[in-house]
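Take a look at the structure below.
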Amino acid sequence: MEYSNSSNTEQPQTCLEITMEVHRVVPPPHKSTIHKLKTTLKETFFPDDPLRQFKGQPTGKKWILAAQYIFPILQWGPHYSLGLFKSDIVAGLTIASLAIPQGISYAKLANLPPIVGLSCLFHTGLDSSFVPPLVYAVLGSSRDLAVGPVSIASLILGSMLRQEVSPVSDPVLFLQLAFTTTFFAGLFQASLGFLRLGFIIDFLSKATLIGFMAGAAIIVSLQQLKSLLGITHFTTKMGLVPVLSSVFHNTEEWSWQTILMGFCFLVFLLVARHVSMKRPKLFWVSAGAPLVSVILSTLLVFAFKAQHHGISIIGKLQEGLNPPSWNMLQFRGSHLGLSIKTGLVTGIISLTEGIAVGRTFAALKNYKVDGNKEMMAIGLMNMVGSSTSCYITTGAFSRSAVNHNAGAKSAVSNIVMSITVMVTLLFLMPLFQYTPNVVLGAIIVSAVVGLIDIPAACQIWKIDKFDFIVMLCAFFGVIFISVQDGLAMAVGMSIFKILLQITRPKTVMLGNIPGTDIFRDLHHYKESMKIPGFLILSIEAPINFANSTYLNERILRWIEEYEAEDHKKQSSLQFLVLVMSAVSAIDTSGVSIFKELKKTVEKKGAELVLVNPLGEVMEKLQKSDEAGDFMRPDCLFLTVGEAVATLTATIKSQVSNHVV
């Protein structure tokens, strides 16, 4: 823009005293409907433009790039070296020491046999071995993700299935439903990645996840009171009230030996975790603490025959590799709906955790994780796992953190871990016979304590109070109602917030900052001033059927308030200026607003002016303005400054001619 010099140096210039070059508003270039649809679909489903790497490449190179895109192992595999393998061996053995006791513990949390928890770390079927870890190693794009069962998915699976099927009275059916649920969870996860619908999991906002994880951590911890106190008759419900009621109504079953052992090992595990958090180089302290706890407690029970003195033990475990389980998948019957529903919920939660963990460590090592690839890798891993005696698995934060700190260089660390667990299944399972349940409970509590993120909750309170309410809904919903209902409440509140933002878009009145052609919110910038005769409003959202009625009513109220205020000053409204820089889209209902506003404003003797309508918006307004009423060149401007200066000059010119 060009501004003319002014000889008036005594007073600061206002926008009205500036002569500026007015730029014409140019309509957008014509695009066919097919081109528009193609662009929209591309931005919706392919925002990362995965095909850009194939542009300008010869045919042979394209095939290689395609294979590397589908199988990331082909990217890093050819460059894999013995030095990297040494690092992966150390990392794999380290996470195995953590994964073995966690696998047994999480299986009990899901009301499944302990050996199933280890099978999730090592899968077998006919002539194949460690299939799901191999699937992830081939298809996954994260170098640090350590796959296996996780506490939250275990809790949800166990609690949802237990509502209709008892794991005690009908263990075979319960196991069948667990495997079927895992299949549907994997199918849903892989479908999201294949169809590139990963944005669906974005509806689980950070506030929702923080509240949900904290509530689930408390519920998981409370469930361990059965093991930590030695209670035999314990409630099957998950809520806070029934759990505490069961605890205090069965005080005669409390075992002081169990309480003492549980307290000692829980303190040991929490101290080890604290040490590793304070000094990351000592990560092995926290990683090895669960296995050390299992070994020590097992030796104590065996030496003192503690199973005869009130301390319950796991008992004899099946030795050897689990058989294939595809014949246990149930795709018919009355419980099919339960399996699908449970698979959907557990699939979303585990997928969200896995991708979040993968992206976190990728950012630390400065490499990228493809969300859609991760969805397909995790989904296929669970689909294969469901037929090889495994329930739902994903990338766990605790194991992945240990894997990262142990120096893992690739997904080979997962294979090393699974081989270690295979050896345990084949030769070492009898050693776990005397492992006390109280130590497994302590391991679970120490693992889920990290899910309670108080600093993040405080930050949410400072930033967004509505998000804090969403977080509380998830937290209290999980604690007092159920895990799935608490999650549903939080997601519902988040969607309600989005609907509020869509149906009640923000509009602000703009004023001129003296000495400039800049216009800003009058309530934000106190030095900004109203321009007599002008009502300048900024619409800060797309206009559609959901908010068109509200916007029309809100703009009319702005006009009424302006007239009521300026009536005292004996001035009238001459121009309604709508700033549309933030209006990225509009539909037919939105277009009708401008026609109605045009008629309303003209009845009041004023004129409607549009500032900076964007390409798509301007195109639709032009197509609807057959009579050329509100898309005239003298009613369209690129900036508010140009609009005010031009219209003010026009008014002065008309007044001068009238006087003459």
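The backbone N, Cα and C atoms fix where each Cβ goes, glycine too.
The following features are taken from TrEMBL:
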type	residues	note
TRANSMEM	173-195	transmembrane segment
TRANSMEM	207-225	transmembrane segment
TRANSMEM	254-271	transmembrane segment
TRANSMEM	283-304	transmembrane segment
TRANSMEM	375-398	transmembrane segment
TRANSMEM	410-432	transmembrane segment
TRANSMEM	438-456	transmembrane segment
TRANSMEM	468-496	transmembrane segment
DOMAIN	524-647	domain 'STAS'
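Under DSSP, the residues of the domain 'STAS' (524-647) split into helix, strand and coil as follows: 57 helix, 21 strand, 46 coil. By number of Cβ pairs under 8 Å, the transmembrane segment (254-271) is matched best by 438-456 from the list 173-195, 207-225, 438-456, 468-496. For the transmembrane segment (468-496), the residues of the chain that approach it from at least six positions outside its boundaries are 155-156, 159-160, 203-205, 207-212, 214-216, 218-219, 238-241, 345, 349, 457, 460-461, judged by C-beta separation under 8 angstroms. Taking residue pairs at least 6 apart in sequence, the transmembrane segment (283-304) and the transmembrane segment (438-456) share three or more C-beta contacts under 8 angstroms. Note on the transmembrane segment (375-398): residues 98, 102, 107, 110, 112, 116, 119-120, 123-125, 131-133, 135-136, 139-142, 145-150, 153-154, 157, 178-183, 185-194, 198, 322-326, 329, 346-347, 350-351, 353-355, 357-358, 360, 447, 450 of its chain, located 6 or more positions outside it, place their CB under 8 angstroms from a CB of the stretch. On the 0 to 100 pLDDT scale, the model's mean across the domain 'STAS' (524-647) is 86. Sequence-distant contacts of the transmembrane segment (283-304) (same chain, six or more residues past either end, CB-CB distance under 8 Å): 94-95, 97-98, 100-102, 261, 265, 268-269, 272-273, 275-277, 311, 313, 401-402, 405-406, 431-432, 434-436, 438-439, 442-443, 446-447.
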